[in-house]
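Quick look at what Swiss-Prot annotates:
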type: BINDING; residues: E22, L23, E82, D286, K355, R362, R363; note: N(1)-(5-phospho-beta-D-ribosyl)glycinamide binding site
type: BINDING; residues: R114, K155, S160, S161, G162, K163, G164, Q165, E195, G196, L197, V198, E203; note: ATP binding site
type: DOMAIN; residues: 119-308; note: domain 'ATP-grasp'
type: BINDING; residues: E267, E279; note: Mg(2+) binding site
Amino acid sequence: MITIGTALRPAATRVMLLGAGELGKEVAIECQRLGIEVIAVGHYADAPAMHIAHRHHVINMLDGAALRAVIEHERPHFIVPEIEAIATDMLVTLEQEGHHVVPCANATRLTMNREGIRRLAAETLSLPTSRYRFAADRAELDKAVEAIGYPFIIKPVMSSSGKGQSLVRDAAQLDAAWQYAQLGGRAGGGKVIVEGLVAFDFEITLLTINAVDGIHFCAPIGHRQEDGDYRESWQPQHMSALARQRAQTIAADVVTALGGKGLFGVELFICGDDVIFSEVSPRPHDTGMVTLISQDLSEFALHVRAFLGLPIGTIRQYGPAASAVILPELQSDNVSFSGLENALAAGQQIRLFGKPDLSGKRRLGVALAVAATVEEAVTVAKDAAAAVRVTG
């Protein structure tokens, strides 16, 4: 029997979010719906999840000592990473001491580093992946390029949202790509992965939930990326029955190997009936924000249910739906939004994240839409996002 204590009382069930961005905010909201006490930890003040958490802390989460200190101070029942830039070795140690890391510390450690998850997928599980090599210095990079050939993608093994990532078409671009990769890593310069290009029809995110009542899948989510970050996502992505079956098999193998209960965002390339593994996040995925309007249980609700040990049951997908990001470009620490009345027709919703500032481009919200077809939903969501005016 699962027992949930009431927030701010001695028997409270406490959830600590490591990362307080827009995804963490939605996880916090789902915890609040169940009366759970929420502590948000982030690397900058006034982050979105901090607005609604019972308490919050600002620390460098790559500092293992600082991470241990805040966890020992708050004594959470569940430690829920929302970002990759965390001292994962400390999470492993804390888990060994009896703390509950979601889904588990090993999954967080492996997926923070592209080398760990790629070797697990390709070498341990023998899943189909792109051709790849790792390089720790410039000399190793030359050897990796010789083995993979042009064109290729270079990425820091520790980065996210496209940071440090480049498409390299010829040798003239190699030096700049290497330098960019060294600047883009979450923990500073370091090892990179060199990946051969994959011929694919489209990419999907397959939200996969490992729960007390088994493994569950959301309908596949298609998405468009630009500069390494998502711009629109939609659900369901049409694909053949065989490809969908293969995608679910790969996703189940990956999340089972990683271990722990929770929701995982499994990224896959689809080419006809063939499926190639790309990456996985052991947490809600940004492309999955479409589930805020497309399903009866969003990816955030599913994650919370799973890590609490509650059953998932049946996930109901309502039909064609899409999300489109609100991505302004300006300098401001006093942002305002207008034009919302033009973005809220029937079948449309807006989420504004409440980020405190921006310097250049930053994702500040998302438009959500349902429609008769996926294509129409994408158009409606993009138009709604464009209707929101951001000033500051």
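Each residue, glycine too, has its Cβ placed from N, Cα and C.
Features per Swiss-Prot, on structure.
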residue: E22; record: N(1)-(5-phospho-beta-D-ribosyl)glycinamide binding site; DSSP (3 states): helix
residue: E82; record: N(1)-(5-phospho-beta-D-ribosyl)glycinamide binding site; DSSP (3 states): coil
residue: R114; record: ATP binding site; DSSP (3 states): helix
residue: G164; record: ATP binding site; DSSP (3 states): coil
residue: L197; record: ATP binding site; DSSP (3 states): coil
residue: E203; record: ATP binding site; DSSP (3 states): strand
residue: E267; record: Mg(2+) binding site; DSSP (3 states): strand
residue: D286; record: N(1)-(5-phospho-beta-D-ribosyl)glycinamide binding site; DSSP (3 states): helix
residue: K355; record: N(1)-(5-phospho-beta-D-ribosyl)glycinamide binding site; DSSP (3 states): coil
residue: R362; record: N(1)-(5-phospho-beta-D-ribosyl)glycinamide binding site; DSSP (3 states): coil
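Considering only the binding-site residues L23, E267, D286, the residues lying within 10 A of E203 (ATP binding site) on a C-alpha to C-alpha basis are E267.
Cα of L197 (ATP binding site) to Cα of L23 (N(1)-(5-phospho-beta-D-ribosyl)glycinamide binding site): a span of 30 Å. Between the candidate binding-site residues, E82, E203, E267, E279, the densest Cβ environment within 10 Å is the one around E82. In this structure the alpha carbons, written CA, of E22 (N(1)-(5-phospho-beta-D-ribosyl)glycinamide binding site) and E267 (Mg(2+) binding site) are 20 Å apart. For the binding-site residues L23, L197, counting C-beta atoms within 10 A of each C-beta gives the highest total at L23. Separating the Cα atoms of G164 (ATP binding site) and E279 (Mg(2+) binding site) is a whole-number distance of 16 Å. Among the binding-site residues R114, K355, R362, the ones whose Cα sits within 10 Å of the Cα of E279 (Mg(2+) binding site) are R114, in sequence order.
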